[in-house]
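Database features (TrEMBL):
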type     : residues  : note
TRANSMEM : D:12-28   : transmembrane segment
TRANSMEM : D:40-59   : transmembrane segment
TRANSMEM : D:128-150 : transmembrane segment
TRANSMEM : D:157-175 : transmembrane segment
TRANSMEM : D:206-226 : transmembrane segment
TRANSMEM : D:247-275 : transmembrane segment
TRANSMEM : D:287-318 : transmembrane segment
TRANSMEM : D:330-347 : transmembrane segment
Amino acid sequence: MSNNRRNFLKQTAAYGATAALGPGLWASAARAESEIDVGVLFSLTGGLSIVEQSLADATLMAIDEINAAGGVMGKKLNPIVEDGASDARTFNERASKLVLRDRVPTVFGCYTSASRKAVLPIFERRNNMLFYPTYYEGFECSKNVVYTGAVPNQQLSNYIPWIINTLGKKKFFIVGSNYIYPREMAKVSKILIEQNGGEWVADEYLELGHSEWGAMVSRIKSSGCDVVLSNVVGDSVIAFYREFRNQGLTHDQLPICATVTSEIEIAAMGAEVAAGSFTSFPYFQAIDTTANNDFVERYRRFVDDSSAVTQHALECSYFQVYLWKQAVEKAGEVTPDAIREGIKGQTFDAPNGKVTVDGENLHTFLTPRIAQWGGDGQGEIIDEYPEPIKPLPYVAYGETDGDLFCSAAGLDSSRL
Amino acid sequence: MKAALTIEGLEVDFGGFKAVDSMTTVIDDGELRVILGPNGAGKTTLMDLISGKTAATGGKVHLFGRDITNRPEHEIARAGVGRKFQIPSVFRDLSVLQNLEVAVSHEPRVFRNLRLGMSRADRKRIDEVIDLTGLGAVLDTLAGDLSHGQMQWLELGMLITQQSKVILLDEPTAGMTQGETSKTADIILRLKGTHTILVVEHDMAFVRKIAEKVTVMHLGKLLAEGPMQTIEADPAVRDAYLGSGGLH
Amino acid sequence: MFEVLFIGLSLTSVLLLIALGLSITYGAMGVINMAHGELVMIGAYTAVLAGIHLGFNIFLSLPLAFVVAALVGLLIERVVIRRLYGRIIDTLLATWGVAIILQQLIRLEFGLTFFGISIEGLGPGLQNMRVPTFMMEPFDLMGLSIQPYRTFILCVTILLTALTWYLVYRTAIGVQVRAIMRNPQMAAACGIDVRRVSALTFAYGSGLAGVAGVLLAGFRTVMPDMGATVVVDGFLVVVVGGVGSLLGTILSSALLGQINGIVSVFSNDIIARAVVFGVVIAIILWRPRGLFSFKSR
Amino acid sequence: MSNRIFILGDRAVYAAFIIIVLALPLLVDDVFWLNRIAKYLVFGMLGLAIALSWGYAGILNLGQGLFFGLGAYMIAMSLKLQSYTSLQQGSDKPIPDFMLWNAEPGAPTDLCCITPGSWLWIPFQAQWFGMAMAVVVPVVFALIIGSTIFRLRVSGVYVAIITLALVLLARLLFIDLQPVTNGFNGLTDLGWLTIAGIEFDPFMVATYYIIAVSVCVVLLLSRWLISTRAGLILQSTRDDPNRSRYLGYDVASYQVFFFTVSAGIAGFAGMLFVIVSEFATPTYFDIAFSISMVVWAAVGGRSSLIGAALGAILINTIEASVSESEMFQQAWRLIIGIVFVLVVLYMPRGLAGLARDVLARVVALSQRTGGKDSQSSHTAAE
């Protein structure tokens, strides 16, 4: 991306109109005030607002807490909240507003990969920072994004062996929504399944938002599989689990092992439908530590809803603000470049435990966990990695701990 | 005299019912022909067949020797047949002047019409038609806002502008006041000679005023043909009309 | 084979359920009601709210949802549609606006959100309706595995279709409705109170949407924009079947449902959807007035 | 008399629009807002395209997003190949990053065969090809679709339903054909449009002018088009297609022509939108987006080109402004719904119709005070 920046600088030199946006001007006069503006960009309206509103709330809660504790370097944070309206087009526009007009040094936001992809060019071209709190498919190596959610290896590398060895299930039916995240998860899963001596019998996709699962579930029934690996996203999850039950399948005999079904979807489908199924995430609301119980409590108070649920992306939305604060304090100035340098290697005690930002690829060390859903809509954590594991965004292409494709120098494209 | 429209054994079969059956007649160039017949005689269907609205199941229609049977409407129109409907059919959301401008249709292709304004000759013809139909005072009015009579005249005017060689008129005076009827008769009479006109009409006073030669249809077939006086005296015609009260 | 047919059959019943109300409002009244999906959504929310606040189960919710959706439909007819009869494209546009309004009212909890009041079961979140456990457990009948909930939907659909057929073809009001379908001016001249009958017809069609909503809530997610996808499917069915033809609507939902079911079993759901769209386009091109139709207003 | 005033008024609105659009960079010193306005000008073009087919031809196309999306994807393919990351994918020739993702193991890293269908991208390595295709492809599709629909004399609401089904089909395909289209995520991370060695940063005044001038040119061309005899004949087919046929016009060819022009404008708009927003997504094929275009045109005035364009610009500008106040964010869609119902019910000719009525009232008043008879207020000279 450094080449992009050089292009950009050349551009700004050539056309005076954009000169005011030059990266060097972040610390200009206006920034000397007592507040630091930061962007918060999630869908507050539209279909995705169901999840994204809660991510925005968690972000704002962290900002509130930081401000109550005296702010960052003595300055209060001033969140500028924008609505992505569940639409990539709107995300793109709102992001450009935050970056170009409000000139925030960082934006916290985006949930879907599609929205991240839609805003990415703005952050790269204008050299700004995006803190992205969602688990995603990997295959990205941007100097302008700090990824605090899980990448496939952090959700799958203990999950698949566990399913095969502990659960004793060997024939996988892989099903997902039809877009990149589920397809990439399937790719990584297949590698892991074969490494661990299992096999996959099908790899099927349905339109996002599809709610008619009759044919798919009947195909699952007749496929001879003994476990379903679900990468189904959004509201189709609910229709899927319900149809699964309606066709008489039970999680005892044929469990659904999901990578994206979180507390929010479980609450929406009715806990009894999912009881007995599994999900892998670094964070569950049920993590029984003082830190997490406190966090859940504070969050419920913050949104004024005593039954509000927390989940993985929500927790990331929260702790990434603290990571950001530490980065700014370490760097001593509030510019995107300083924040990028400052964030490297930052560690924070998040509700799920210790999290660390990798100095090379700007992804985050997280602890994989597996939970089984109970009748109360909460997961019971039945397997947990002993320590946070290193994020490998290119694991599907052979990336390993000792051999990173994406480093501080950029992507080593010869490896792909 | 040259034949403008030759109809030969024309028939249409609506699932067993022949609305027009072996109809044959020849209309000369410049002639004004009136078609009479009791209700259901097939007069309007005959016009539909000539103008291409309905496909014939048998027989031929020739226009100045050219076969136009079952061609698409716009091709028949381009060949020179203009038609006025019983219910006035004009472009209601366009002004009277625009209606007449659209009627200048000697160049029907899209790309040839990608130009502003019109030739002096066309302009002149429109002016003549405006004179003829007396619509000069309402040129900027939307056609949909015209009185019934004005609308009929506008439609008639469009047919003239269109330069149809043969004009089919389906009950041009339906719903008109006496004054309007007589003005319509004047317009039609002024067209006689330069255009070939085929009129379906019930109003006998009007028919007597304009008719030279009359064709009588009954049950889809030709019953009688000839000058008005002969027809009125024809006993077969009287019989056919008995059910509907005779010619009146 | 039975499984495949059953999948097609249950897809058919869902399509028919949605299209039945549309077939009435579009066929009989020439109204393209883009808010039909939102009436389905209101039916679903009625079931959710009645479940939470009144303890209603699905059987009690069905009639309640019919009444609620019918009343909302009546209101829409009175306020909006009444002014637009005969302007079919305008009904499409205006009801699109109505659809947005209804969605937002649910999201904003009828505006109470602005006053900090929140009602459980409303708002932008995902909701669900509880289905009694016995309806979720399949049982064996003559070696076939029967899914009670799908079967229940099928039965309700058949019942409602029969009821609608009876109302339209065997009652005095049905005669009036059919008269209005063919020629509203003439019907009015014959002493039929066109306004009243139209309003009732619209309310009935809306009520059917409400019932559909309750049944969909049993296996789909209940959320404010759940109606958006529903309405398009419904329209395709009605148009393919032929405007104003109950039989056409039944047959076209069977056709599209089975095509969808069979293709999705033998290839996949995405291709199945594409094939359905293709068939719909071809049928409309081939017979713009649908498979079964007569001239209506 | 009043007619003259309407023609003058009409011209004044066009002139004012063009002057303001072209002078805007002098007044707005904020590149962000310029970029935003550029996007809304593109939407204005979409509103205009709808007015052209709906208002003047009576063809309600509920799938205009199909043509917009096609145009957008065509140019986005070219720009994607120009992006820095495409040059970085382990080949000396540009390869879009997502293709590696979708590649079968062992597939050669070359556009010819990295994924099934990737060869379709080969000619897009030339930017001019993408730019040309952005108009050509929508036009060809519109020609095929239009001639099928209109030759078969499908009309009115059935056209709306067919176009709706078509855009749904396109959406399904674009999401499913991931190896070629990158599916749901769309094409992002694009290079900038480069003409004669100049890179057009979307936030540059020069880029604004590309859009502004394009919009003005399209507006004037469309206005010219509808004031030609062909435009008049088209309006006649809207009022009474049968009468037009009996006058000798092949109605279908007029409908196909204007349907195609409208699609071409939409495709062109799609191309411009990619230039200012730097991405293309399958959400362009969402029904809601296509219907939004109709809403803009209806609010602005379906039978006024500039009215429809202004409707689009106005609604989007207001939407962007209210979205900055938290309270309104939620209520905005509600308001838009209500406004839209009211417009359909009480103002079917939209803002343009309202303006015309007001002008007519003023004219009538002034004439009465001048002692003359008030004339009919309507005129069809748009």
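Here the Cβ of each residue, glycine as well, is placed from N, Cα and C on the backbone.
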When counting Cβ pairs under 8 Å to the transmembrane segment (D:12-28), the leader among D:128-150, D:206-226, D:247-275, D:287-318, D:330-347: D:206-226
The transmembrane segment (D:247-275) touching the transmembrane segment (D:128-150) per 3+ Cβ pairs under 8 Å rule: yes
Positions whose Cβ lies under 8 angstroms from the transmembrane segment (D:287-318), at least six residues beyond its ends: 13-14, 17, 37, 39-41, 43-52, 54-56, 60-66, 68, 163-164, 167-168, 215, 219, 222-223, 226, 336, 339-340, 343-344, 348-355, 382
Result, the transmembrane segment (D:247-275) in contact with the transmembrane segment (D:206-226) (3+ CB pairs under 8 Å): yes
Cβ contacts under 8 Å made by the transmembrane segment (D:247-275) with residues that lie 6+ beyond its boundaries: 38-39, 42-43, 45-46, 48-50, 52-53, 56-57, 59, 61, 64, 67-76, 79, 131, 134-135, 137-139, 141-143, 145-147, 149-151, 153, 190, 193, 200, 202, 207, 210-211, 214, 218, 222, 225, 230, 233-234, 236-237, 241, 284
Within-chain partners of the transmembrane segment (D:157-175) [C-beta distance under 8 Å, separation at least 6 from its ends]: 59-66, 69-70, 73, 145, 149, 181, 183-184, 282, 285-287, 290
